[in-house]
Amino acid sequence: MKSKASSPAKVILFGEHFVVYGVKAILCAINKRITVTAETIQENKISIKSNIGNLELEPNKEISEINSPLRPFYYLANKLIKNQNTGIQVYVESDIPLGVGLGSSSACCVAGAAAISRLFKRTSKEEILKLAIEAERTIFENTSGADCTVCTYGGIMEYDKKKGFNKIKYEPNFHLVIANSEIEHSTKSIVDSVKQFKEKNEDEFSELCKKESKLVEDVSELLKENNIIELGNKITENQEYLEVLGISNEKLRKMIQIGQSKSFGAKITGAGGGGCIFALTNESNLEQTMNEFKNKNYDCFSVKIDFKGLDTF
Ligand code: MEV
């Protein structure tokens with residue numbers, strides 16, 4: 001038995017970090033994908049092959065003993081083969097750069113949950129999302145769930161930790177230019193550093209949360225109007241709040257300056273500390289923005305919104 005699923009990567013347009021503390025965020029899925037193929041095998045083992053390494057173990061190991069970025073796959077496989085009298089083989093193929101804030105680990109959890117669970121039963125998107133968030137919690141306990149949600153449903157959405165997601169129906173016509181700092185980061189440790197900032201600066205943090213909430217409300221209106229210039233200004237404003245949280249650095253600031261010089265606005269996306277930034281463009285400035293990054297030797301590419309979300313085969 002074989003089952004296959006693919007999930008898009010994502011960009012957080014507004015509200016990363018603040019979303020962990022209950023502020024609404026705005027995210028979109030992008031047209032870069034991870035594909036997971038799962039297959040039942042006779043041997044009593046869980047085997048995972050991917051371009052970031054392989055993992056092969058017997059079932060029923062303590063999850064905390066598995067020191068590998070492939071831990072969520074092991075968790076899913078081990079949970080889902082219980083009482084099935086089978087082993088499992090999982091292959092992961094990705095055209096998403098890994099570990100750079102574009103949701104590769106969430107896309108792995110979503111596509112992995114879909115491919116593995118559908119070997120045994122026709123699971124719904126809701127069930128797959130629940131499994132994916134559980135799996136993501138094995139590497140990053142405090143996840144807001146935002147990334148897995150957008151990877152599952154695709155498109156552009158508002159996400160609130162308590163109330164869940166609300167798809168934005170308008171289809172904005174923008175291109176995002178993504179530039180990679182090539183500085184590796186750990187989402188967990190950057191989220192922990194923001195927690196420390198919050199604990200030391202409760203009043204300032206609560207003020208920032210209020211500002212971010214207002215900004216996200218304004219953005220929802222601007223998206224309806226497709227007001228790309230104002231959206232760009234909001235991106236720049238959001239970046240200022242992220243700077244205060246201390247998740248930026250010299251290289252990211254340089255990249256944001258490059259992005260802001262040619263596009264409508266640029267900011268960090270995802271946890272920060274490294275990873276990627278994005279610049280908002282349309283046909284009028286897409287090429288110039290790309291060239292500006294390339295001329296300065298930054299790895300960059302352009303993406304559009306993915307409206308499909310999780311796909312199963
Ligand atoms: C990471 O892509 C986004 C964060 O807001 C963490 C989260 O939402 O779980 C930094």
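The chain as shown is numbered from 1 upward.
Yeah, the Cβs are placed from backbone N, Cα and C, and that goes for glycine too.
Caution: TrEMBL annotation is automatic and unverified by curators.
Worth saying up front: this structure is predicted, and the values here are computed from it rather than measured.
What TrEMBL records for 78-155 is domain 'GHMP kinase N-terminal'.
Residues or ranges marked as active site, proton acceptor by TrEMBL: Asp147. The local packing around Asp147 (active site, proton acceptor), expressed as other Cβ atoms within 10 Å of its Cβ over all shown chains, amounts to 33.
Among the features that TrEMBL reports, domain 'GHMP kinase C-terminal' is placed at 221-296. As a summary of secondary structure, the domain 'GHMP kinase C-terminal' (221-296) carries 46 helix, 11 strand, 19 coil according to DSSP.
Across the domain 'GHMP kinase N-terminal' (78-155), the DSSP tally of helix, strand and coil residues reads 37 helix, 8 strand, 33 coil.
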